[in-house]
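These notes are about the structure you will find just below.
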Amino acid sequence: MMNFSIVSEFMILGLTQKSELQGILFIVFLFIYLVALLGNMLIVVAIIYNTTLHTPMYILLLALAVVDIICTTSIIPKMLGTMLTSKNSISYGGCMSQLFFFTWSLGAEMVLFTTMAYDRYVAICFPLRYSTIMNHYTCIALLSIVMAIAVTNSWVHTGLILRLTFCGPNIIDHFFCEIPPLLALSCSPVRVNEVMVYVADITLAVGDFTLTCISYGFIIAAILRIRTTEGKKKAFSTCSSHLMVVSLYYSPVIYTYIRPASSYTFDKDKVVAALYTLVTPTLNPIVYSFRNKEMQSGIRKVFAFLKG
C-alpha cells in the first residue's frame, strides 16, 4: 500500500494541557504502568517456570499477560516521556507502529477473553471431558486463531490508515495514536475506514462480548446446581469478578469504535480509552491470576528460586 501522507510527524497533546497536573499524572500513570508491567511479567515467569501450570487454562493466562505487556508498553512509556520532557512529537512511522501494536493487542485481548470464557465453560459444565476437549492441540489451535484474527484486524486497520492523506493540522488530541483521532486529522475521505471499524466493532467487540456472556451464563447455571453454599459463594465471586473486568474492557471499546469520526469528543474519549489501555491490563493479573491458589503457589516458587 502506498503512503500518500505529507505529514512527517504528529504532535500528541496528551491527557491534559494543564502544566500543574502533569507531575501528578506522571506519578499516577508511572505507578499504574509498573503495577501492570511487573504483575503481568510475574505471571509470565511463574507459568513458564512451573511445569504444573503448563495446562490450557494457564497457557491462556500467559497469552493474556503477554498481550497486556505489549498493549501497555506500546503506549505508556511514550506518554510518560512526553509528560517528563514536554517533547510531544512522534514520527509518522512511530505513530503507525504504535497504532499497529495497539490494534493488535486490542483484537487479541477481546478474542482471548472469549477463549478463556470457553475454557472455563468446558471445565465447569463438562469436568469429566475437560482434559479430552481442552487438550494441548486444542489450546494451540485456539491461540493460533486468536493470533490470526488479531494480526488480520491490525493489518487491515493500519493499512487503511496508511492510505489516508495527512496534510495538516498534525495535532493528535489524544495520549497515543489511535484510529479515531487519526481519522479526524485525515484530509482524504474516511468512509471506508469508518465502515471497517464499525464491522470490526460489531464482530470482535459485540460478538466476543456476547459469546463471553453466553459462556458465563452456562457457567452460572452450572454453579446454581452446586449443593454446598460455600462452593456457590466462591464460584459466584470468581464469575462476578471476571465479568466485571470483561465488561470494563468491552464497554468502552464498543463505545469508542462504534461511532463515526465526526462524533468523537476527545476530552471525554481520553478517559474512556484509559479504561482499556491502562485499567484493565492492571486488573487482569489481580482478578485472573493472583487470587488463584495454584498461581500463588507458582509465584512463591519463583521467589524461592530467586532467593536461593
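Heads up, the Cβ atoms here are built off N, Cα and C, so glycines get one too.
Features as listed in TrEMBL:
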DOMAIN    39-288  domain 'G-protein coupled receptors family 1 profile'
TRANSMEM  24-49  transmembrane segment
TRANSMEM  56-76  transmembrane segment
TRANSMEM  96-118  transmembrane segment
TRANSMEM  139-156  transmembrane segment
TRANSMEM  202-224  transmembrane segment
TRANSMEM  236-258  transmembrane segment
TRANSMEM  270-290  transmembrane segment
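For the transmembrane segment (270-290), same-chain residues at least 6 beyond its ends with a Cβ under 8 Å from one of its own Cβ atoms are 15, 29, 32-33, 35-36, 39-40, 42-43, 61, 64-65, 68-69, 71-72, 75-76, 102, 106, 109, 116, 174-176, 178, 241-242, 244-245, 248-249, 252-253, 255-256, 296, 299. With a cut-off of 8 Å between Cβ atoms, the residues of this chain six or more beyond the transmembrane segment (202-224) that come close are 107, 110-111, 113-114, 117-118, 120-121, 124-125, 149, 153, 232, 235-236, 239, 242-243, 246, 250, 253-254, 257-258. Below 8 angstroms of C-beta separation, residues 29, 32-33, 36-37, 40-41, 43-44, 47-48, 97-98, 101-102, 104-106, 108-109, 112, 115-116, 119-120, 123, 134-136, 138-139, 142-143, 146, 175-176, 277-278, 280-281, 284-285, 288-289, 294-295 of the same chain, each at least six residues beyond the ends of the transmembrane segment (56-76), sit close to that stretch.
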